[in-house]
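Taken from TrEMBL as is:
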{"type": "COMPBIAS", "residues": "601-611", "note": "compositional bias 'Basic and acidic residues'"}
{"type": "COMPBIAS", "residues": "649-678", "note": "compositional bias 'Polar residues'"}
{"type": "COMPBIAS", "residues": "679-696", "note": "compositional bias 'Basic and acidic residues'"}
{"type": "DOMAIN", "residues": "75-468", "note": "domain 'Cation/H+ exchanger transmembrane'"}
{"type": "DOMAIN", "residues": "565-619", "note": "domain 'Sodium/hydrogen exchanger regulatory region'"}
{"type": "REGION", "residues": "549-568", "note": "region 'Disordered'"}
{"type": "REGION", "residues": "588-619", "note": "region 'Disordered'"}
{"type": "REGION", "residues": "633-696", "note": "region 'Disordered'"}
{"type": "SIGNAL", "residues": "1-20", "note": "signal peptide"}
{"type": "TRANSMEM", "residues": "61-80", "note": "transmembrane segment"}
{"type": "TRANSMEM", "residues": "92-114", "note": "transmembrane segment"}
{"type": "TRANSMEM", "residues": "126-143", "note": "transmembrane segment"}
{"type": "TRANSMEM", "residues": "155-177", "note": "transmembrane segment"}
{"type": "TRANSMEM", "residues": "189-211", "note": "transmembrane segment"}
{"type": "TRANSMEM", "residues": "263-284", "note": "transmembrane segment"}
{"type": "TRANSMEM", "residues": "345-369", "note": "transmembrane segment"}
{"type": "TRANSMEM", "residues": "375-403", "note": "transmembrane segment"}
{"type": "TRANSMEM", "residues": "415-435", "note": "transmembrane segment"}
{"type": "TRANSMEM", "residues": "447-467", "note": "transmembrane segment"}
Amino acid sequence: MTALWTLSLLLSASLLGCLAVTSPDGSPLPHNLPPSLGTNSSDGSLSVDLPMALRVFSMDYHHVQAPFEIVLWIMLASLAKLGFHWSGRVPAVVPESCVLIMVGLLVGGVIYGVRHSAPPTLSADAFFLFLLPPIVLDAGYFLPGRLFFENLGTILWYAVLGTLWNVLGIGLSLYGVCLLAQSSLGDVSLLHCLLFGSLIAAVDPVAVLSVFQEMQVNEQLHILVFGESLLNDAVTVVLYKLFESFLRLPSVSGLDVLLGGCRVVVVGIGGLCVGLFFGLLAALTSRFTSRAQVIAPLFVFLYSYLSYLTSEMLHLSGIMAIVTCAATMKQYVEANVSERSKTSIQYFLKMWSSVSETLIFTFLGVSTIQDIHMWSWPFVCSTLLLCLIWRATGVLLLTAFVNKLRRNAVTFRDQFIIAYGGLRGAICFSLVFLIDDFPKKRLFITTTIVVILFTVFVQGMTIKPLVELLYVKRKKRALPTLSEEIHSRLIDHLVAGIEDVVGYWGQHYWKDKFEQFNKKYLRRFLIRNDRQASSSILRVYQELERREQRGVEEEAPPIVDPRSQGRSLLPEEMESIRRILSRNLQNFNNKQTPAYSRHTLHQDTSVDRTRKPLYRHQSLGERYSYNTITHFQGEDGGLSEPQRVRTGLSRSHTVCSISPRSTLLDSSDSAGPAQTRSMDPKAAREDLVSPKHQETVERAARKHLSFVLENEKQQ
């Protein structure tokens with residue numbers, strides 16, 4: 001642990017040294033020029049002189065400045081994350097995002113103290129073009145399809161209507177605050193308040209995923225929060241660009257508002273279509289990679305990133321495009337590539353998204369140390385309060401309507417976690433820097449940073465204790481078995497058939513229709529013939545095997561303390577343990593515990609004993625035993641040795657059940673081998689069904705059982 005933090009400090013010092021080489025405006029300092037360059041021309045321009053002597057060692061930092069600093073930043077953030085996971089009890093109390101932001105604040109403060117200027121900030125282009133796509137791609141590729149589509153209506157309800165509720169509520173309320181504080185906030189217009197409301201209402205999926213994955217909440221709550229935050233970003237970015245376009249217009253009319261609403265729909269559906277196109281194209285390309293399996297994983301990343309860039313180029317929703325592309329191509333690509341390629345895709349996606357997430361939170365802390373802050377108590381405090389109030393009321397009102405249409409209602413505890421889990425992050429931080437310059441832009445930046453720090457630190461650190469305090473249902477740790485998956489699919493087919501019979505077109509009906517279309521056309525066209533699974537059960541089994549293998553590989557190896565190993569046992573102790581085990585085993589074998597069989601009913605002791613008992617159906621072995629006895633019985637009623645062996649074998653193959661007949665046969669066999677008795681079947685059956693004899697046998701069994709228990713107590 002100490003070594004990790006020492007390496008982090010060394011990397012920070014190296015980074016500071018590299019940043020000191022450049023001036024605050026980014027231009028190189030004059031004393032860092034290579035020794036072979038000089039100013040020989042009359043106008044002061046640089047010209048090349050011949051070196052006076054050959055130098056053995058020289059340095060040209062500016063040739064590798066950009067990649068060198070990027071590698072140092074990634075290394076510093078990764079070491080901070082590694083130190084967080086080896087810091088004992090810290091991960092149980094503080095979320096990982098909080099620790100990374102604190103590391104960024106520390107590094108940013110040191111850079112500001114050394115250079116006396118603002119540290120480098122995370123630009124909006126770098127965030128939206130390089131850091132956000134890997135995180136969204138990882139979320140879309142590993143999206144639980146069944147849960148997502150079963151709760152798609154509720155997710156869209158939260159993401160679309162809930163976002164509109166928050167944006168309009170926060171924007172209009174902040175405009176009212178600006179009207180009340182005319183002296184300091186009088187120059188903030190209604191469109192500026194709506195623009196700020198659109199960016200501050202963005203629930204960041206990066207922050208939500210980093211917190212909710214550590215809590216291991218139940219699947220329904222996790223998919224509602226995650227799906228809402230994922231689609232919420234697409235809606236907020238579209239609304240942000242819409243209000244930004246309104247600000248650049250000289251005046252806004254009703255027609256502009258109508259066209260803006262149509263633009264929101266076009267942007268969302270357009271991103272969906274672009275992602276679907278590139279997803280099917282990636283699946284078709286992976287069909288022909290059988291002779292070049294090495295480059296098969298590359299197409300997953302290239303087509304996904306190409307869908308995102310194409311959507312951004314066409315001013316469509318890039319988040320919707322990359323999520324749709326990843327979810328579309330997953331099942332077809334994994335069916336075409338080899339197992340090693342699947343593992344490479346999964347681990348590279350996890351690694352890529354983890355690095356992006358680490359850099360985002362680290363730069364959030366670094367970018368907080370700036371000279372551009374402007375403070376206003378009414379605006380900042382009102383924004384914090386309004387974000388909490390409007391999100392809570394929106395979740396409560398929308399859930400009250402949704403629960404009337406859902407079979408599994410969203411409980412009040414889950415509603416509280418959904419409302420409290422609206423964490424803000426890098427989405428709103430990057431959008432606020434894109435605002436065109438106006439007098440209160442610095443106030444918007446300061447308020448956004450305060451809201452991010454409050455939600456990540458206060459809400460992110462307290463949501464886990466609240467989950468435990470409210471006894472929110474947790475996620476089932478065990479993976480589903482093959483039997484559970486088969487029964488789940490059986491229920492889906494039954495419900496789909498019922499919906500088809502009654503004429504109701506529900507989700508199971510459309511799911512069954514899509515599965516038929518997928519099996520008949522898409523899988524035949526997008527998957528190679530040698531990869532076509534003959535049975536859906538086989539596909540389910542293979543998927544469960546892959547999940548189990550991934551779970552075993554991702555589990556951390558147990559830490560074994562050599563001091564916890566005990567000494568070897570002495571021979572006397574081993575002998576004592578052997579005696580105890582043998583005595584307990586003997587007592588256990590002597591017990592006559594009733595066995596449970598779902599084919600027989602326990603006898604009710606309250607019923608009158610004179611009533612005739614029900615005859616048990618004879619098994620095949622008992623019938624064979626009875627026939628053997630009747631046919632091979634001698635004149636003296638005895639049995640020869642081979643006949644007795646055959647009888648015993650047939651008796652041993654019968655199904656065990658508790659009945660007076662089996663108890664009587666066992667007691668008669670234990671009476672002694674020399675004693676023989678008549679084996680008349682009719683007489684034996686009359687003896688067996690005699691209530692008086694049955695009561696005697698049961699009393700003897702209870703007495704023998706109580707005697708064994710008393711002996712155990714004495715020992």
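Positions of Cβ are set from backbone N, Cα and C atoms, glycine also.
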Cβ pairs under 8 Å between the transmembrane segment (189-211) and the transmembrane segment (155-177), at least three: yes
Average pLDDT across the domain 'Sodium/hydrogen exchanger regulatory region' (565-619), rounded to a whole number: 55
Per Cβ pairs under 8 Å, the stretch of 126-143, 155-177, 345-369 packing most closely against the transmembrane segment (61-80): 345-369
In contact by Cβ distance (the transmembrane segment (155-177), the transmembrane segment (375-403); 3 or more pairs under 8 Å): yes
Interface-richest range of 126-143, 155-177, 345-369, 415-435, 447-467 toward the transmembrane segment (92-114), CB pairs under 8 Å: 345-369
Remote residues contacting the transmembrane segment (415-435) - C-beta distance under 8 A, at least 6 residues beyond either end: 97, 121-124, 127-128, 131-132, 158, 195-196, 199-200, 202-204, 206-208, 211-212, 217, 221, 224-225, 228, 233, 236-237, 240, 244, 360-361, 364, 367, 387, 391-392, 394-396, 399, 441, 444-445, 448-449, 451-452, 455-456, 459-460, 463, 466-467, 470, 472
Remote residues contacting the transmembrane segment (126-143) - C-beta distance under 8 A, at least 6 residues beyond either end: 205-206, 209, 226, 230, 300-301, 304-305, 308-309, 312, 318-319, 322-327, 330, 345, 349-350, 352-353, 355-357, 359-360, 426-427, 430
